[in-house]
Ligand SMILES: N[C@@H](CCC[C@H](N)C(=O)O)C(=O)O
């Protein structure tokens, strides 16, 4: 039987971003891409991101997180999922471990993130520093200025969208600032083409953003490896950094996504803070048959 069969999980969401939280601390089990895809395909455990908790690797951290997209690929960061993990580590009867002072330090493939509880169902995550150099994002070509990169979609003389900003928040983002309502863009059609554009050697999350005021941005996101989502925390962080670099806003904004709102602050010390809600939808155990046919 597959090692994940009958394993308990939490079904959650953060501002609409569908998250499954799985606790594999104290075991040597890891989730393969094929297993992550099988979990995502079952409607009972459908997710945009699967957040898997493993034993801490670095001293003074509380857990190591592996983050999976729907297509089984991995991400270095997931803002909404990180808040859901924090909720589980504080409040879930089976996953909670005594933590000091309402804060946690979690490690991901991209580095350390610190999480603080700010209300019963609301957390602030220090997402670390944005990476802005072309080879850190990464981009294929050596753009000296990543505030606007050369990329457009649509007819050459009348593009639908062009010149996105590029930012890494531990995962790659391209943000197209537009004058019209982001809902007017066919992101389900445009997103997959741009996600896989050769300019992004590790693919990219694609955002369409409209600045509505000095501290308010409307955002829609096509997520790398997951598709259209109701919210993406790292995209919200990347968008505030990009808009601030372009002098469209100050260093703090509310980002309104289809599934809810996130508050983002790009602090003077270069760290990006994201505050937002978590929702627990329920719990379940993985049905053994969903793993049928997967080689172990
Ligand atoms: N929804 C997440 C980001 C998810 C990762 C992304 N699809 C990637 O592969 O980079 C968030 O809330 O930040």
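Glycine residues also receive a Cβ, built from the backbone N, Cα and C atoms like all the rest.
Keep in mind that TrEMBL annotations are predicted by a computer and have not been checked by a curator.
For the substrate site that TrEMBL gives as 17, 69, 79, 80, 171, 205, 223, 224, 233, 234, the extra residue drawn from 49, 261, 295 is 49. The substrate site is defined by 17, 49, 69, 79, 80, 171, 205, 223, 224, 233, 234, and by the 8 Å test on Cβ atoms against their centroid, the other residues of the chain that qualify are 48, 75, 77, 78, 81, 221, 226, 229, 232, 235. A straight line from the CA of residue 232 (active site, proton acceptor) to the CA of residue 17 (substrate binding site) spans 7 Å.
Counting in whole angstrom, residue 78 (active site, proton donor) lies 6 from residue 234 (substrate binding site) by their C-alpha atoms.
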